[in-house]
């Protein structure tokens, strides 16, 4: 048993309960929202988010790990308010999502690392809310020099703070993420390689698993990338091959995002979306109960398996 940071203070891993390990409250362009407060109605958004969190809490989820770093639209004040009002524990992150602008390439890597260490040790955005995990992302099938530089920064933050790492990977870049982390002295069992469930290449995922990292099968509900039945079959095969206890099941879900993907997922702008009835919307945090679990049961998996994915494995990850 250890204590981890949440937006409401320290939480014993004994009290984590059922946990979604890779989610977002929302991904909204923070700079645009700051410049134009009417970009998205804050009170409406909080009201909707609290309702979504309460709904999933009523189904059994106790804790959500929010892997939204500062350059993906993190608003720590809003995350705290939604946690308080919904009763769901939320673990916030430090780290970097990264984009073509490359702000993190501008200064010395040790300085960039010190910023993230500050968020883990002192607090985020001028608060005393401390990060509980480190997030990083690469965006191509193979990592480049800029990615390697960023991953080395993340490794330094991990070694200084002891916080575990959760990644966003594309294609087969997760194995190369492991290469950099290992070379920098990171224990790979403290790392979730994210979005491996986007692939049906089980042999590749096994290669990642054999190095000790946790396996992020964490985009259930995004059927446009990989349909549910394929994701579930990959999960089942990994379990059959002995990797059940390394599997992280989550959605990469959010209450809303702006940008081009919002048209595909949410059907338009916030103003349009907020007016709709969302009860039958598949893309929400309850997907794990309404769709994933029935499909896993169809494949012969048990309640013990489900509890392993959502209760025991998250706790083990944080206690390593």
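A Cβ is built for glycine as well, from the same backbone N, Cα and C atoms used for every other residue.
Per TrEMBL, Zn(2+) 1 is bound by 22, 24, 135; the candidate from 245, 252, 258 named for the same site is 252. Checking the candidates 104, 158, 195 against TrEMBL: the one annotated together with 135, 168 at the Zn(2+) 2 site is 195. When Cβ atoms from all protein chains are considered, those within 10 Å of residue 135 (Zn(2+) 1 binding site) total 28, not counting its own. Neighbouring residues of the recorded Zn(2+) 1 site, listed in sequence order and excluding 22, 24, 135, 252, comprise 23, 65, 66, 67, 68, 166, 168, 194, 218, 250 (Cβ within 8 Å of the Cβ centroid).
Here is what falls inside 10 Å of the CA of residue 195 (Zn(2+) 2 binding site) among the binding-site residues 24, 135, 252: 252.
Residue 135 (Zn(2+) 1 binding site) and residue 168 (Zn(2+) 2 binding site) have their C-alpha atoms 8 Å apart, to the nearest angstrom. Sequence-distant neighbours of residue 252 (Zn(2+) 1 binding site) (same chain, 6+ residues apart, CB-CB distance under 8 A): 22, 23, 24, 195, 218, 219, 221, 222.
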